[in-house]
Amino acid sequence: MASCPKAIWNWRFQRAVFRTVQLLCFSVLIFEVINQKEVSAWTYHYSNKTYSWNYSRAFCQKYYTDLVAIQNKNEIAYLNETIPYYNSYYWIGIRKINNKWTWVGTKKTLTEEAENWADNEPNNKRNNQDCVEIYIKSLSAPGKWNDEPCWKRKRALCYRASCQDMSCSKQGECIETIGNYTCSCYPGFYGPECEYVRECGEFDLPQHVHMNCSHPLGNFSFNSHCSFHCAEGYALNGPSELECLASGIWTNSPPQCVAVQCPALKSPEQGSMSCVQSAEAFQHQSSCSFSCEEGFALVGPEVVHCTALGVWTAPTPVCKALQCQDLPTSTKARVNCSHPFGDFRYQSTCSFTCDEGSFLVGASVLQCLDTGNWDAPFPECQAVTCAALPNPQNGEKTCVQPLGGSSYESTCWFTCHEGFSLSGPERLDCTPSGHWTGSPPTCEEVDTVSAPAPGVQCPTLIAPKQGTMSCQHHVRNFGLNTTCHFGCKAGFTLLGDSALQCRPSRQWTAAAPTCRAVKCAKLPVTEPIVMNCSNPWGNFSYGSTCSFHCPEGQLLNGSERTVCQENGQWSTTMPTCQAGPLTIQETLTYVGGAAAGTTGLVTGSILLALLRRRCRQKDDGKSPLNPQSHLGTYGVFTNAAFDPSP
C-alpha cells in the first residue's frame, strides 16, 4: 500500500516537470521569433528575423496592428533609445504611392513638417526605392529615414494600438499617444470619451404654431430637426425648419403665425384697378377687377380673388398695346425701331436705311397705328447698278458679279490677245455711286521692236466677299513688290493675312484672306416656343434674324424678334410662352361646335326614326343604319362655320 502513493506522487511530479519544460520551450521559441519593447497601452514590437517590406507589414498586421506610424520627434527619440541596434535597420510604415510618400496605415500623404529624412535622402537610386527604413542607433544619423528598395530584408518595426472600436464612444477621433490615447470629439460631442451630446433646449412656441421634431441623438440635441406649420387661415412668418447645431444653438428663432394676406396689387400700366376689401387690405376673400385704356387689350382675368392660401386666383393681368405685323426679313434694309409699348405694337416707329451700294424704295419711316396696321407698305433696298462694260477689241473681259448684273461690288478684269497690250486700268470696280472706278481700257498693238521683256507677274487678286482690298503697284499691276491690304465690313472678321506682297517667285506671300460673318451664341429653344430664322451669312451669324411665336392659347412673354448684331450679341433676349385666356375665335369655336353637335344629334335621331319606319314597311330583313358623321367617326360632328382648319 505504501508503494501506491509514492507512484502517484512520482506521476504528478513528472507531469508538472513536463509542463514546466514545455512552457519554457514555448517561451524560448517566442523569444527567438520576436523581441518587443512595451510602454503601457501603446506598445512597440520588432521581429527577430528580417523580411521584405511587404512581408514585414503582413507580419505586423498579423500579430499586432501595423508597421510603426511615427507622429512626432519625441516618438522618434523614444524608438532610437529603446529599440536595439541592427545592422540592416528596420522597416517603418511609409511607402511611395502614386509617386507620393504616404503613411500606409492612415493613407495620408507625408507632410513636409513630419519629414525626418537623413541628409541627401530620399535619393531613389535606380528608380526603385519606394519603401522607408529608420536608422535605429546609427552613429551618423540616429533616428533618421532613408528610402530603400522594398525587396530588401530588414527587421519589421511594429506597434500595437491603444484605440479600440468603441474608443471615444464612436463620436470622436481616437489619437494614439505613447502609453495612452486621447479623444478629439466630432462637432456636437464633448467629454473625455466624447460621451455627451450638445443640447440646444426646448422652444416656447408662439400661438397657432404647430411643430414636428426628430431627435436622433436626444431630445432637442445636436442634429435634432424641427419643422413648423400654422393652423388653417394663418401663414408662417419665419423659418419653416430649424436644426440644432454642433455649437448647441438653434439655426434660428422659432417662427410665428400671422393671418393670411395676399400680396399687394397695383393697377396695370395703361389700365385701372378696383378692389372690394375684407377686414384689412388684400386679405382672404378680397377681390379686385381690372380694365384697360382705349387702344390696349387686357391680357389675363378681369377679376382675381385672395384665397385662404394667401395667393391670388391668377396673376395680375396686363394691358398690352395692339400688335402690328412683324417686319419682313426680305427687305435687305437696316432697321432701327423704338417700341414704347412692346415690339411692333401701337406707337412703335421703325426707320429704314440701306447698306452702301443700295438705295431705298418706299417710305424711310413706318409707324404702328392704333388699328394694328403700319401707316405705309414696307420699303425695300435695291442694289445700285453700273453701266454694262463692253469687251475690248482684241481682248477679253472677265467679271465677278456677287449681286447679279453690273451691280455694286461687281469687279471686271481685262486682258489682251497676243500681240496687243492693255491701255488703261486692268481692273474696274462698280462703286456705291453707280459708276465704275475708271474708263474701260483698250487693246493696242504692241511694237515688237521696242516692247520690253515681260517681268515678274503674280496671280490677280480680288477683294474678298464682304471685304475690301487696296493695292500699291510698283512696276506693273500685281507685279514684283506689289503690296495689297485687305479689310472686312462691319459684322465680318478677316481670316488670313491682312497684307500680301508679290515675290520674285511669282507667288504671293500667303493665300488670299476671306471675310467671315461674326457668330452669335446659339439660341436655346425649349418647348412650346417655335422659332423661325433667316441666316444670310450662316447659322446664328451677323445679320441672322429669328422670330418667335407660341402655340394657340399661349402668350409670348418677351420680344417677338431678335437680330444678330455686328458685335456678336443678339439684340434681345429669348422670350417664353405662358398660358393666356381663350380668344374670341376659340370661344365661338367651342360654343359653335357644341351647338352643331346638339343640332346634329337631333337631326340624326329624326332621320333614324324615319328610316326605321321605312324599313318596317318594306320589311326586307336588313339591319338599321348606325348614325355616322361625314368624317366617318361614330358620334363625331363638326361645325364648318367655326372650323379653324382650311
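Glycine is no exception: its Cβ is also placed from the backbone N, Cα and C atoms.
Positions annotated as signal peptide by Swiss-Prot: 1-41.
Among the features that Swiss-Prot reports, domain 'C-type lectin' is placed at 58-158, with the record citing sequence analysis.
Swiss-Prot lists E121, N123, N124, N146, D147 with the feature Ca(2+) binding site. Cβ neighbours of D147 (Ca(2+) binding site) (same chain, under 8 Å, six or more residues apart in sequence): K96, E121, P122, N123, N124, Q129, D130, C131, V132. DSSP assigns D147 (Ca(2+) binding site) to a strand in the three-state reduction.
Each residue of the domain 'EGF-like' (159-195) gets a DSSP state, and the totals for helix, strand and coil are 4 helix, 16 strand, 17 coil. Per Swiss-Prot, the feature domain 'EGF-like' maps to 159-195; the stated evidence is sequence analysis.
What Swiss-Prot lists as disulfide bond is C163-C174 (among others), and the listing cites similarity to another entry. Around the Cβ of C163 (disulfide bond), 17 further Cβ atoms fall within 10 Å across all displayed protein chains.
Counting every protein chain shown, the Cβ of C168 (disulfide bond) has 23 other Cβ atoms within 10 Å. Marked as disulfide bond by Swiss-Prot on the basis of similarity to another entry: C168-C183 (among others).
A sphere of 10 angstroms centred on the C-beta of C194 (disulfide bond) encloses 21 other C-beta atoms. What Swiss-Prot records for C185-C194 (among others) is disulfide bond.
For the domain 'Sushi 1' (198-259), residue counts in helix, strand and coil come to 0 helix, 27 strand, 35 coil, using DSSP. What Swiss-Prot lists as domain 'Sushi 1' is 198-259.
Within 10 Å of the C-beta of C230 (disulfide bond) we count 20 further C-beta atoms, all protein chains included. What Swiss-Prot lists as disulfide bond is C230-C257 (among others).
Residues or ranges marked as domain 'Sushi 2' in Swiss-Prot (evidence: sequence analysis): 260-321.
Summarising the annotation, Swiss-Prot assigns disulfide bond to C292-C319 (among others) and lists similarity to another entry as the type of evidence. Note: C319 (disulfide bond) has non-local neighbours P268, E269, Q270, G271, C292, E293, F296, A297, L298, V299, i.e. same-chain residues 6+ apart with C-beta under 8 A of its own C-beta. DSSP assigns C319 (disulfide bond) to a strand.
Among the features that Swiss-Prot reports, domain 'Sushi 3' is placed at 322-383, with the record citing sequence analysis.
Counting every protein chain shown, the number of other Cβ atoms lying within 10 Å of the Cβ of C324 (disulfide bond) is 22. Feature annotation from Swiss-Prot assigns disulfide bond to C324-C368 (among others); the stated evidence is similarity to another entry.
Annotated disulfide bond per Swiss-Prot: C354-C381 (among others), in sequence order. Cβ neighbour count for C381 (disulfide bond): 19 (other Cβ atoms within 10 Å of its Cβ, all protein chains included). Mapped onto three states, the DSSP output places C381 (disulfide bond) in strand.
According to Swiss-Prot, the domain 'Sushi 4' annotation covers 384-445, on the basis of sequence analysis.
Per Swiss-Prot, the feature disulfide bond maps to C386-C430 (among others). Sequence-distant contacts of C386 (disulfide bond), defined by Cβ-Cβ distance under 8 angstroms and a gap of at least six in the same chain, are S406, S407, Y408, S410, C430, T431, G434, H435, W436.
Long-range Cβ contacts of C520 (disulfide bond) within its own chain (separation 6+, distance under 8 Å): F540, S541, Y542, S544, C564, Q565, G568, Q569, W570.
DSSP assignment over the domain 'C-type lectin' (58-158) gives 22 helix, 30 strand, 49 coil. In sequence order, P464, K465, Q466, G467, C488, K489, F492, T493, L494, L495 make up the list of same-chain residues 6 or more apart from C515 (disulfide bond) whose Cβ falls under 8 Å from its Cβ.
Put simply, N146 (Ca(2+) binding site) is 72 Å from C458 (disulfide bond) when counted between their Cα atoms. Helix, strand and coil counts from DSSP across the domain 'Sushi 5' (456-517) read 0 helix, 27 strand, 35 coil. Shown are the disulfide-bonded residues C354, C564; the one with the most C-beta atoms within 10 angstroms of its own C-beta is C564. Cα distances from C183 (disulfide bond) to the disulfide-bonded residues C194, C257, C502 are smallest for C194. When the alpha carbons of C381 (disulfide bond) and C368 (disulfide bond) are compared, the span between them is 21 angstrom.
In terms of C-alpha distance, the listed disulfide-bonded residues C168, C174, C257 place C168 closest to C194 (disulfide bond).
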